[in-house]
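The structure appears below as structure tokens.
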Amino acid sequence: MKFLDEAKVYIRSGDGGAGSVSFRREKFIEFGGPDGGDGGRGGDVWVETVNGLNTLIDFRYQQHFKATIGTHGMGRNRTGANGSDVTLKVPVGTQIFEEDRETLICDLTVEGQRYCLAHGGNGGFGNAHFKTSTNQAPDWANPGLPGEEKTIWLRLKLIADAGLVGLPNAGKSTFLASVTRARPKIANYPFTTLHPNLGVATIDEREFILADIPGLIEGAHEGVGIGDRFLGHVERTRVLLHLVSAQEEKVGKAYKTVKHELEAYGNDLTDKPEIVALSQIDVLDEAELKKKTKELAKACGKTPFQISAVTGRGMTEVLRALRDVIVEENAEEKPAKVPKLRHRDMIVSDEGEGEDGADDQP
């Protein structure tokens with residue numbers, strides 16, 4: 001399946017149905033009075049997170065979503081049917097932005113979470129609603145209120161427990177393929193990975209999700225190479241696994257290059273727990289391995305793991321280290337609750353916050 005992490009979508013909720021102007025007509029009843037029913041509500045536009053999706057590719061082929069209008073009211077005090085809702089199915093981790101691409105509407109981080117993006121218009125009142133003691137036969141009714149329409153941006157930030165970062169050809173995809181069932185493209189040239197890949201790793205009967213993103217190079221925060229556009233996919237991770245290839249001539253400089261790009265990107269990426277590993281060590285002899293390990297330790301300020309996806313050396317140890325950090329981070333954070341939104345119990349204000357209540361029919 002092709003990967004797409006950003007999409008522009010046009011949405012429109014349904015208009016409310018018009019109220020009816022009708023009078024009771026029955027034999028032997030001379031003044032039956034008004035019996036026009038109210039119009040039905042227009043349909044809403046919702047967004048909902050579902051399991052099994054990790055791309056927004058479906059929104060490349062369909063960008064317009066419109067709910068149906070409410071049915072007009074009818075005689076005999078019959079209220080029109082409400083319009084049908086439309087629901088956008090998105091992956092967990094999707095953020096919804098206004099057309100300016102900066103104003104956040106909602107951040108959907110839990111499976112099954114729903115949010116109303118556009119409320120349908122209320123139905124108009126029928127003439128029976130306007131009957132008074134001084135006006136027994138009103139001959140007017142309200143039209144339905146129009147629905148809402150807007151253009152929004154969907155932006156996906158994948159949900160993973162650990163993120164793999166490093167220079168191109170640092171062995172990130174090989175690591176992912178060796179510890180999970182993911183099958184990313186692997187080749188001996190830079191930027192083989194063009195989009196993020198996810199895999200589920202298992203260690204000591206515990207599972208966690210790994211995210212592999214395209215490699216970073218110097219100047220990535222300024223758009224050099226693929227740039228830093230995929231770093232958003234590791235913003236939600238608990239821990240970063242920073243891989244430095246043993247084939248680099250200067251492993252300390254390679255580490256600092258990626259670290260600088262993470263700092264330039266911001267969003268607290270450098271505040272996340274970091275595990276550093278010297279990868280592809282099968283290409284070194286013991287003397288060279290000792291030298292480069294010492295150089296990398298000096299650059300990162302900690303003892304790096306020594307791993308090889310080819311021979312399996314050090315793989316179990318680094319997976320256990322990742323697991324321990326993830327367990328610790330999860331224990332410190334309270335579990336998220338799926339917000340329960342009742343029908344029409346939220347109005348989106350200018351600040352994007354929900355307020356109880358519903359629009360009253362004029």
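Heads up, the Cβ atoms here are built off N, Cα and C, so glycines get one too.
Taken from Swiss-Prot, the feature GTP binding site applies to 166-173, 191-195, 212-215, 279-282, 308-310, supported by sequence analysis. Feature annotation from Swiss-Prot assigns Mg(2+) binding site to Ser173, Thr193. What Swiss-Prot lists as compositional bias 'Acidic residues' is 348-362. Summarising the annotation, Swiss-Prot assigns domain 'Obg' to 1-159. What Swiss-Prot records for 160-327 is domain 'OBG-type G', and it gives sequence analysis as the kind of evidence. Residues annotated as region 'Disordered' in Swiss-Prot: 332-362.
Positions of the features from Swiss-Prot, shown on the structure.
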| residue | record | CB count, 10 Å |
| --- | --- | --- |
| Gly166 | GTP binding site | 27 |
| Asn169 | GTP binding site | 22 |
| Lys172 | GTP binding site | 31 |
| Ser173 | Mg(2+) binding site | 24 |
| His195 | GTP binding site | 17 |
| Pro214 | GTP binding site | 25 |
| Gln280 | GTP binding site | 21 |
| Ser308 | GTP binding site | 21 |
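A mean pLDDT of 88 is what the model gives for the domain 'OBG-type G' (160-327). When the CA atoms are compared, the binding-site residues lying within 10 A of Ser173 (Mg(2+) binding site) are Pro214, out of the candidates Gly166, Pro214, Gln280, Ser308. Ser308 (GTP binding site) falls outside any helix or strand according to DSSP and counts as coil.
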